[in-house]
Amino acid sequence: MTDDLELYGITLASRLMLGTAQYPSPAILADAVRAAEAGIVTVSLRRENAAARTGQDFWGLVRGLGARILPNTAGCHSVKEAVTTAHMAREVFGTPWIKLEVIGEADTLQPDVFGLVEAAGILAADGFEVFPYTTEDLVVAERLMEAGCRVLMPWGAPIGSGRGLNNLYGLRSLRAHFPDVPLVIDAGIGLPSHAAAAMELGYDAVLLNTAVAKAGDPAAMARAFARAIEAGRAAFLAGPMPQRDMAAPSTPVIGKALLG
Ligand SMILES: CC(=O)[C@@H](O)[C@H](O)COP(=O)(O)O
């Protein structure tokens, strides 16, 4: 039986999605994507433009990596900016997919969930397939679904913080409320164990960038993440035991030993 992930009708063998920013060099980025066997790479139109990093060359490199491209609106702080960037991305990459970020707060890069819902509605009505970077808030999640999103991407922790899953309870509730919606943890993952924990909770995939790009050996770290995500998924499918507050002897004793 296959355990492929389906997002907007596209089937993916890998549950690891990798960001393409902050790598020491394009060659190291390419090595990391290959080592991760990432099914999706996300790329920021604005960042590449701003860095004037020979944009076309960089996008050409990303296109050649063999992963599906998910353009993002990273760095957008308003609905207008995000919608305009999404349109540019659709033209450049020829895909209706857009990872929608509308940032609301400078210190935490927390999503502006009001702007996010508004922008998601505009883009979905215009034929985009929206991957919204959101919080674990259930009401916002409902609104995003009503706006036309078919995938949700709640944060684990603030972007680039490496803190892991900050609100385990909230993320567990979100999973329970939307059992049939693909849920992808996006941002804040620092260690493979964080990614494994997300998968053990029943999340469908993990998107990360900084933890690999800033590792001492990005390709080795990408491989470690790929294995952790596979292990977490396998554990979820295997049905983890329920947690208990009290001890339960793992070797039950029947009767008493007869001591001579
Ligand atoms: C690249 C990208 O899409 C980021 O905006 C994403 O949220 C990753 O966050 P981390 O860098 O914390 O993994």
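Just so you know, the numbers here start at 1 and follow the chain as drawn.
Cβ coordinates are placed from backbone N, Cα and C, and glycine is handled just like the others.
Model, not experiment: these values are computed from the prediction.
Here TrEMBL flags K99 as active site, schiff-base intermediate with DXP. Among the features that TrEMBL reports, 1-deoxy-D-xylulose 5-phosphate binding site is placed at G160, A187, G188, N209, T210. If you look up TrEMBL, you'll see 7-252 marked as domain 'Thiazole synthase ThiG'.
Features per TrEMBL, on structure.
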residue	record	contacts (Cβ under 8 Å, 6+ apart)
K99	active site, schiff-base intermediate with DXP	T42, L70, P71, N72, T73, A74, F131, P132, Y133, M153, D186, L207
G160	1-deoxy-D-xylulose 5-phosphate binding site	L109, A187, G188, T210
N209	1-deoxy-D-xylulose 5-phosphate binding site	L18, G19, T20, A21, Q22, T42
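Averaged over the domain 'Thiazole synthase ThiG' (7-252), the predicted model has a pLDDT of 94. Other residues of the chain with a Cβ within 8 Å of the Cβ centroid of G160, A187, G188, N209, T210, the 1-deoxy-D-xylulose 5-phosphate site, are G19, A157, P158, I159, S161, G162, I189, L208, A211. Secondary structure at G188 (1-deoxy-D-xylulose 5-phosphate binding site), as computed by DSSP, is coil. Ranking the binding-site residues A187, T210 by other CB atoms within 10 A of the CB puts T210 at the bottom. Of all residue pairs in the 1-deoxy-D-xylulose 5-phosphate-binding list (G160, A187, G188, N209, T210), the one with the greatest Cα separation is 9 Å apart.
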